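Asks: Below you'll find the structure I mean.
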Amino acid sequence: QVVYVTASLPYCVLIIYLIRGLTLHGAVNGLVYMFTPKLEQLSNPKTWISAATQIFFSLGLGFGSLIAFASYNEPSNNCERHAIIVSLINSTTSIFASIVTFSIYGFKATFNYESCINKVILLLMNAFDLEEGSLTADNLNEMKDYLMATHPQEYTQLLPQLKNCSLEAELDTAVQGTGLAFIVYSEAIKNMEVPQLYSVLYFVMLLMLGIGSMLGNTAAILTPLTDSRVIAARFPKEVISG
């Protein structure tokens, strides 16, 4: 009964995040980046090893939890059919969660890129005393070339402070694991409206996922103990669980 909550609540949170993520500025950039294949990565065996590892852990193979849960099924249960269904649900969930993640990641990357552009524009306008509005993101490269040609000495002195802003570079700085969970999402959430709400939702979801995973792991230990006649005869189930 607890698993009903720990398994379904993350889906509810992900749906909320999907609706919010798709409405964020720059979400499309993240989705395009996600669905654009990189042949150099696909030809790398480490990519496929990482993918297999992800599927292995997300399905919970080899931990005993699936066998423990399956032991409660009826003998006539179609295990092959359920195995296929669970595998399809697992893969669909991974893609669904990736869409949510990359929409928010696209927002973060776009936010950082535009902030970088604005800092460069402000720096150039102050350094060369340009009129407000004369320098925009659209004509930034042309103005750089113009300033370098007309004021080479001043521009060369300013060059170390000018960052090379690139949306592709921002998208390429992807992180994995805890870095994605606690750094990227946190940075993105703080730039949203009502960040406290989305922060609470996100970390409650992580908590539910963690509890759900541990329930599966403990079931692999509890099931054979409670099924043992010797142990079950001497200790009640509550004591064994404790």
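Any Cβ shown, glycine's included, is placed from N, Cα and C.
Features from TrEMBL:
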- 14-36: transmembrane segment (TRANSMEM)
- 48-72: transmembrane segment (TRANSMEM)
- Ser58, Asn90, Leu209, Ser213: Na(+) binding site (BINDING)
- 84-105: transmembrane segment (TRANSMEM)
- 200-222: transmembrane segment (TRANSMEM)
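Can you tell me where each of these features sits in the structure?
Replies: Other C-beta atoms found within 10 angstroms of the C-beta of Ser213 (Na(+) binding site) number 16, with every protein chain shown included.
When Cβ-Cβ distances below 8 Å are used as the criterion, the transmembrane segment (84-105) is approached by residues 11, 14, 17-18, 21-22, 24, 27, 30-31, 33-34, 54-55, 58-59, 171, 174, 180, 184-185, 188 of the same chain, each at least six residues removed from its ends.
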Asks: Excluding Ser58, Asn90, Leu209, Ser213, please set out which residues of the same chain place their CB within 8 Å of the center of the CB atoms of the Na(+) site, keeping sequence order.
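Replies: So the extra residues in range turn out to be Phe57, Leu59, Gly60, Thr93, Gly212.
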Asks: For Leu209 (Na(+) binding site), just count the other CB atoms lying within 10 A of its CB, please.
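Replies: Result for Leu209 (Na(+) binding site): 16 other Cβ atoms within 10 Å.
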Asks: Under 8 Å between C-beta atoms and at least six apart in sequence, can you list the same-chain neighbours of Asn90 (Na(+) binding site), or say none if there are none?
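Replies: Residues satisfying the criterion: Ile55, Ser58, Leu59.
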